[in-house]
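First up is the structure itself, then whatever we jot down about it.
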């Protein structure tokens, strides 16, 4: 036992020595093998990358071939597909197509070219007839006598009388009957006084008389609306209403809403409020008009430029185009046959209609928008799409919105509330309009022939006929024909009567 233990220990030491020697011998070999292994791994990675690139290029080539085949298949399918389907032609009413902008532009171009030819013929025949000095003579016969301007200044008297009367009524100093009588007398004089001056003052020209009577008519309609609205406010105050309509009044105390001061009755009875209404582009009075936030200078300057441009264009075309035709038409109708009279009517129709359209744009768009922008007046709806009118009634309701609103608010609806029928009320509105048309034409010309009155009253049977028998485009065509032919016919009648009264009497 004692001999065995030393021998076993010696054996263990020899094995440990051999293991250390083997490890020392294998360490350099392991390093060499590790380097070779890494080189092999790098080579494998490089080979794999090249293989992937090759596979990717093959995939791209295969996809491209597949896409080309698919595109070719789609092209063949598209060529084989049906190229027809059930549909209507664009010009058929059943197609529902409505965009005729190109046709409209073509019509405008043709209209310009055709009228350019007439204008060149006019220049070659008459020469240049535009004379700015003659425009001044249309308003003034005598440079030292200005009756039209004086009458416009005098109109302030009637405005102040209406304001004073309303103030007295609000205080209770005037009874309602006395206030009604004062308003009635004031408006009666407002209607007759300028007409008497135009008829009796020799220095008053026809154009100056038309301007004065137009101004006084506008003031008359405004003061009538002013009287009605204040009367409604007093009636509501009497009934002690707590909430009143915005277009009529508001509670007695003043309030602020959205940064704007709201005027309340009788706080509206001031010079500032009255003259704002007088200059505002509306005929219907309100205590609180809608206001725009600020004045847009670019918009204001554009409207001003349009006003100046169309003023010069209207004056120039009237002198160069209309006046020669009117002068050539100054011949008694009994001296002309039907064909000659028809020819003169058609010659007058085109320039008269174009000037009327220019006047519409100048007044209802440029002038009224300029005034509204200057006064920050918010309601700019001075006209609607009257050019699409399929009935005569629609035309008269939409081409002059301020007058239509006045007639509806202060004449038509009050008649309905008093028990009158719609037909009677509509007829009464046309009668009132016919009266003012004749008033504005006959008084400045100093002759009474009722052509304008009869032309307006003829709108009633025309409206009935178009409404009953003509629809859609046919109704619209009938409205356009009545506008294009009706106005120059009335002008021709007045020209004829003016010639008979003045020139034939001088010849006799």
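Using N, Cα and C of the backbone, Cβ positions are placed for all residues, glycine too.
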Given the ranges 379-401, 448-470, which one is assigned the annotation transmembrane segment in TrEMBL?
448-470
Look up transmembrane segment in TrEMBL and report which of 52-76, 77-101, 177-201 it refers to.
177-201
Looking at 281-303, 304-326, 327-349, which stretch does TrEMBL describe as transmembrane segment?
304-326
Using DSSP three-state counts, the residues of the region 'Disordered' (54-74) come to 21 helix, 0 strand, 0 coil
Maximum Cβ pairs under 8 Å to the transmembrane segment (177-201) - stretch from the list 144-165, 419-436, 477-495:
144-165
Using a Cβ-Cβ cut-off of under 8 Å, list the residues of the same chain that are 6+ residues beyond the ends of the transmembrane segment (419-436) and lie near it.
217, 393, 396, 403, 407, 411-412, 452-457, 459-460
